[in-house]
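Engineer: For 1-28, the entry in Swiss-Prot reads compositional bias 'Basic and acidic residues'. Residues annotated as region 'Disordered' in Swiss-Prot: 1-43. The feature transmembrane segment is assigned by Swiss-Prot to 58-78, 88-107, 117-137, 148-168, 205-225, 234-254, 263-283, 309-329. For S183, S185, S188, the entry in Swiss-Prot reads phosphoserine, with the evidence type a large-scale study or a structure entry.
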Amino acid sequence: MTREGQFREELGYDRMPTLERGRQDAGRQDPGSYTPDSKPKDLQLSKRLPPCFSYKTWVFSVLMGSCLLVTSGFSLYLGNVFPSEMDYLRCAAGSCIPSAIVSFAVGRRNVSAIPNFQILFVSTFAVTTTCLIWFGCKLILNPSAININFNLILLLLLELLMAATVIISARSSEEPCKKKKGSISDGSNILDEVTFPARVLKSYSVVEVIAGVSAVLGGVIALNVEEAVSGPHLSVTFFWILVACFPSAIASHVTAECPSKCLVEVLIAISSLTSPLLFTASGYLSFSVMRVVEIFKDYPPAIKSYDVLLLLLLLLLLLQGGLNTGTAIQCVSFKVSARLQAASWDPQSCPQERPAGEVVRGPLKEFDKEKAWRAVVVQMAQ
């Protein structure tokens, strides 16, 4: 090609529309060079709806969470009005709180995560069934002491709600998400990156260990108080704390240090089992709130150290249960995001840092300085 023809080509290139220039450059590229095949529909810069969104599942999650919260609130109130007769109702109400939190979290983030919380739903259903058996045993031993009224209705309603949640989570599958996964991950993987929440889990584990040690020490102190000798509920509660807190804290720390598929699954299982137990214990000890409120009704208030200690232990239990529920939600969110984006992460090795001289190769093509400079010169000449 002569020099005159070359100039004509450059002038012709300059007169093209801006969008046509990019198309012509893309057509002139070498066959060995890599260009990302991106379409306007693949660019998901603003995601208003989560992937695999289903309105039916979202409505079910929000409705089930609302029903569980309302029923648990009424059950806690009625159980505190009759603290000694309806202790089973407080336990059942407390155990359903993690399921309500998880239902709202699933409806807000990703509805395809419902099957991953099946262990939590099953453990909550087991606790509510135990409370129903507890009610039956109390009714057999002393029929005249229990009024079968609103308490039985609330207990059966909690049982039915948890049974429906377990059935729906068992029947839910992630096949629709897997079918849609190709269209989601082909064009948007370069925009999003799945990262494991290691710092969050480490902070959770530290707080869990501190709160667990404080709760165990407080339990030992409370058991040595004269007023606590009459009831065995404190010893059972503190054994639950001792068993439930430390395995989840250790598993959180180990998983944050060296994340793998096996450890994430184990952490989800442990958190799903311990969270309903911790909230059950906190629901049982919720009568301490009414005792502390009654203390300040009289003036001057007759403060009892035993009631204040029970209230502090209740707050520690709520903190532990909230951290365990948050751990389960974080791990399930990471698991679902990694599965949707087809992220490959080695289940056997810990994350390693890149060498100092290694450069990360991106999918974008190299910038052609010579062609850009010639285009600028021609534009200025015109």
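Even glycines carry a Cβ here, placed using N, Cα and C.
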Engineer: What else in the chain is close to the transmembrane segment (58-78), if you only count residues 6 or more beyond its ends and a Cβ gap under 8 Å?
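Structural biologist: Sequence-distant neighbours of the transmembrane segment (58-78): 86, 89-90, 92-94, 96-97, 99-104, 106-107, 111, 114, 150-151, 154-155, 157-158, 161, 164-165, 168, 283, 286.
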Engineer: Cβ under 8 Å to the transmembrane segment (263-283), counting only same-chain residues 6 or more beyond its ends: which ones?
Structural biologist: 76, 79, 90-95, 97-99, 116-117, 119-120, 123-124, 127, 201, 237, 240-241, 244-245, 247-248, 251-252, 254-255, 314, 317-318, 320-321, 324-325, 327-328, 331-332, 334-335
Engineer: What residues in the same chain, six or more past the boundaries of the transmembrane segment (309-329), come closer than 8 Å to it by Cβ-Cβ distance?
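Structural biologist: Sequence-remote neighbours of the transmembrane segment (309-329) are 97-98, 101-102, 105, 117, 120, 200-201, 204, 207-208, 211-212, 214-215, 218-219, 221-222, 225, 234, 237-238, 241, 244-245, 248, 252, 267-268, 271-272, 274-275, 278-279, 281-282, 285-286, 288-289, 291-292.
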